[in-house]
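J.: One structure, pasted below without further comment.
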Amino acid sequence: MPVLERFFPAAEPGRRRRTGEEPMPFPMGSLPGYQQGTLAWDLPEMIKMVKLVWKSKGELRGAKHRGVLESEDALGGPAGDARVRGQTGVVSERRGSYPFIDFRLLNNTTLSGEIGTKKKVKRLLSFQRYFHASRLLRGIVPQASLYLLDEDYLGQARHMLSKVGMWDFDIFLFDRLTNGNSLVTLLCHLFNVHGLIHHFQLDMVTLHRFFVMVQEDYHSQNPYHNAVHAADVTQAMHCYLREPKLANFLTPSDIMLGLLAAAAHDVDHPGVNQPFLIKTKHHLASLYQNVSVLENHHWRSTIGMLRESRLLAHLPKEVTQDIEQQLGSLILATDINRQNEFLIRLKSHLDNQDLRLEDAQDRHFMLQIALKCADICNPCRVWDLSKQWSERVCEEFYRQGDLEQKFELEISPLCNQQKDTVPSIQIGNQCETLVILFSEISSKGCWLSESLL
């Protein structure tokens, strides 16, 4: 092996190589286990020597990579961008863990203009990331020393995922343990748990890339409508999908649609509501004619990422089109302006007791109701989590009010920091809607268990 050449002298030119059966002479006492001029090592000693060799090789390689990275940082190149390193994988990797060829590719393609946007740069997958993605989807979280997170943090994340079906799941803690990659990590785990990867024959790296695209298209500067909210809704959706009265009738397609819709239901949310977009004459309001503006945008953005990633390219065209349409139907159901429409329909089904979950149409309706519940279930969480979500949604409303005041627009309801308090916003924003929806469900003995009501 080339790496061992610095430990053993190279053979002189013309000298006959020894066969594996011939004894190799060494000076007396130069190696452990020396006996009568032959190499007779104990197996543990040999393993220890090999480990030392590879460890020294890794140190040399790490020093070389650190030199490359330091030079990149000095030039202000993309390789030193902490945001790129932090969001391209499930957990951030150490600075010396990327192959050298990745940095050359990243730098050259950016300078030459071959890659048009920073997002495309962040989506470059190296062999290192391919390896980590495959390990992630076979299990939960990679267990390598290459990550900024130590084994204690990864162990806690694994422990939390073992209780992902519990209603007191702390998504804020989980997001910290996964270094801001809660949505990607959670989706990979749930797709694996529900057997969706095997059932739909999904390519693991393509699936991981799609999840990263979804997570990155949420705006982290939004206090509320960000990737953590998406992960929280996805976890709640998972809890609802496990309810026996519903789970016994769900197909793999239903489960995949429910999880994807929950994960992407607010993707690329601008941090302001629909009335703000309408009165500022935003192009999205014009595009969707002031009807479900944000929800239509979330749906179209999701379809765009699905097609760009080619996650479902191996499926028949008619199947893909049906998935896209059903995703749209689920995401559009989260429009709060359609609340009465769904409440009336749900009440009618429960009063008449004509809800047949064997029927695909009725199952889809219940998925819509489940997603609506998951989207506004923050007040139903344990107090510590509910309080954090209340503060976040109020902060986002206040920011919109500040924008409206800055541009001399009428301040929207619940967005005036001087008049609207956190309790009043919660009562006016979500609690009233939530009480009506969950009361209707619980009064008719519907599919939710007492632990989720």
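Any Cβ shown, glycine's included, is placed from N, Cα and C.
Note that the coordinates shown come from a computational prediction; the quantities given were computed from them, not determined experimentally.
The active site, proton donor feature in TrEMBL is assigned to H225. Positions annotated as AMP binding site by TrEMBL: H225, N226, A227, V228, H229, D266, D375, Q426. As annotated by TrEMBL, Zn(2+) 1 binding site applies to H229, H265, D266, D375. Annotation comment: TrEMBL describes D266 as Zn(2+) 2 binding site. Feature annotation from TrEMBL assigns domain 'PDEase' to 149-453. The region 'Disordered' annotation in TrEMBL covers 8-29.
Situate these features within the shown structure.
T.: Taken residue by residue with DSSP, H225 (active site, proton donor) is part of neither helix nor strand, so it is coil.
Spatially close to H265 (Zn(2+) 1 binding site) yet at least six residues away along the chain are A230, V233, E295, H298, L330, I331, T334, L371, D375, judged by Cβ distances under 8 angstroms.
There are 25 other Cβ atoms within 10 Å of the Cβ belonging to D266 (AMP binding site). Under the DSSP three-state reduction, D266 (AMP binding site) is assigned to coil, being neither helix nor strand.
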J.: Counting every protein chain present, what is the number of Cβ atoms, excluding its own, within 10 Å of the Cβ of D375 (AMP binding site)?
T.: 21
J.: Report the residues of the chain - excluding H229, H265, D266, D375 - with C-beta within 8 Å of the mean position of the site's C-beta atoms, for the recorded Zn(2+) 1 site, in sequence order.
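T.: Neighbours found: H225, A230, V233, A262, H269, T334.
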J.: Report the mean pLDDT of the predicted model across the domain 'PDEase' (149-453), rounded to a whole number.
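T.: Mean per-residue confidence for the domain 'PDEase' (149-453): 90 out of 100.
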J.: Enumerate same-chain residues with a sequence separation of six or more from A227 (AMP binding site) and a Cβ-Cβ distance below 8 A; give 'none' if the list is empty.
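T.: The list for A227 (AMP binding site) reads G180, S182, L183, Q215, Y218, S220, given in order along the sequence.
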